[in-house]
């Protein structure tokens, strides 16, 4: 049993603890219970309350005697008898179950909706009948007055199957492309279906007409919520004649009064996960909403959180046992969850002993084995002068010594050595002073940059020095004394930012690896101290190391996920604060100062270009010909020739004039060599 408390509400997990394999014999099970404390203290409320791999849905019959659950693999349904606290029967199915409904007060009439469009009926003896619906189904509800089953799924139609006549009736045509969930009000029979567009359509089964539409997707968007996609309806539940709760795929729960199209309250789970199920707890006016990560219990009037439940594995379904404080969960694991919350109500009558058990735990919250006793050997008794108490009720024989009351031990110790407390006090003071001295010296050696990293490296080096396996452990160079990494502890640019996203995501993995390395060093030390034996140690099986490594991997994966969720929440809060600042900020025009000696002509040129673009082509050609940029001439064959001259800037004109003057100056300074004539050569000219 595991006890957790949130908002001073205690939650008892009755399904936690180690489970024994089925193939173990009774003798080995009893031996394990004697040796293992966790196995001995576990509570198996219902025998074999688990599935082979995963549990998908779980429900309780109306009379409260039977608990039915479906799961895989292979697809099956299991029925548990609460009066016998054991499994009553198990039936394997052809395909996985999407959802099911118990039509009778006990388990004698059950309807299953499969993921391959089949609808399967079971009676008390077993399989009874099977039929199919036109499209894949996602949910269904049973209307008791007319004996109609309403199926919704990947279609705009709501299929109706009458169980009295044994045939399909005309379907209800909705305005949605697909429907996800549905529910029927037990008081007045109103049928409601949740669509993929985020709407809830309400129908009257008596006249088969739509009587109202609620736009939940629009109402779920609030100032505090952050929605990135269109919310679809993922859960639907009626409470009484006028109340209805709607869960969306973005993690919001909306409470409606059927007389209004506006929600009374919008509750956000802050996880962004689809709402799996919604339940009402009338005695305390609570709403229990669950997604795949958490079950939240909050007040339906104010929305104030009452308590929450976060299991180890993802949730598939949640069932509240009627008129009690017991909660059943279907998880992504073989074990099905059983939780008892005494504040919600008493324990069911088939497990009324839970009330007495929880009361005893509340009276003795810290009662652990031998906490109030001191273990002493026979030599210790001789030193204390208590050998005459051997065999009396004051001493309890255990192994090679005795257990005695801790208060009696302190009294006798004080009488034998009155100055023991003073000596103990002086030793403690001396130890504290030595520790502070060691820390003081260590702090002086730490660099200015990356002090925590340097402290971690120093601790690892000290552990290596203390280790007795210096030959077996491969010695690695110390980063602190290596000149290649010297800048990392001197330059502030290399400071590790512990608030960055990369550090927070990698830190759980690094810490797990360091812990695993320390654990391996301790194990190697223990092995060297013991005699070298080829046989396996007795207290631990051969696959224990692999199981521990897998547990470590699961642990750091959960820590990384937790850090990622915290980062997302911090990012969401920053965006909300930035949005509030932007809303409060008043924008003002900005002015720019032009340097002295420059002329601002951008507006004028843009206005001139705009006027030029508004003119016709003929006017633009005339204007360009006037400025000399366009030259039109006729050719001999009757065609026209256009020559465009690009405008030059002032700088280009100045540069061209300077080049012209330079060429003229060089021409004047040049000495001509035309007066020099060479002699004519003899022979034929070279060709």
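For all residues, glycine too, the Cβ spot is worked out from N, Cα and C.
Because the structure is a prediction, the values reported are computed rather than measured.
Feature annotation (Swiss-Prot): of 605-638, 639-672, the stretch labelled coiled coil is 639-672.
Segment annotation: Swiss-Prot labels region 'Disordered' over residues 526-560 (candidates 491-525, 526-560).
Counting same-chain residues at least six beyond the ends of the repeat 'WD 4' (270-308), those with a Cβ under 8 angstroms from any Cβ of the stretch are 6-7, 9, 11, 234-237, 239, 243, 245-253, 255, 314-320, 327, 329, 341, 343-345, 565, 569.
Counting residue by residue with DSSP, the repeat 'WD 4' (270-308) contains 0 helix, 22 strand, 17 coil. Sequence-distant contacts of the repeat 'WD 5' (310-349) (same chain, at least 6 residues past either end, Cβ-Cβ under 8 Å): 9-15, 19, 45-46, 49-60, 64, 67, 69, 71, 82, 276-277, 279, 281, 283-284, 286, 288, 290-295, 355, 358. Cα of residue 481 (phosphothreonine) to Cα of residue 25 (phosphoserine): a span of 59 Å.
In this model, the repeat 'WD 1' (50-90) carries an average pLDDT of 92.
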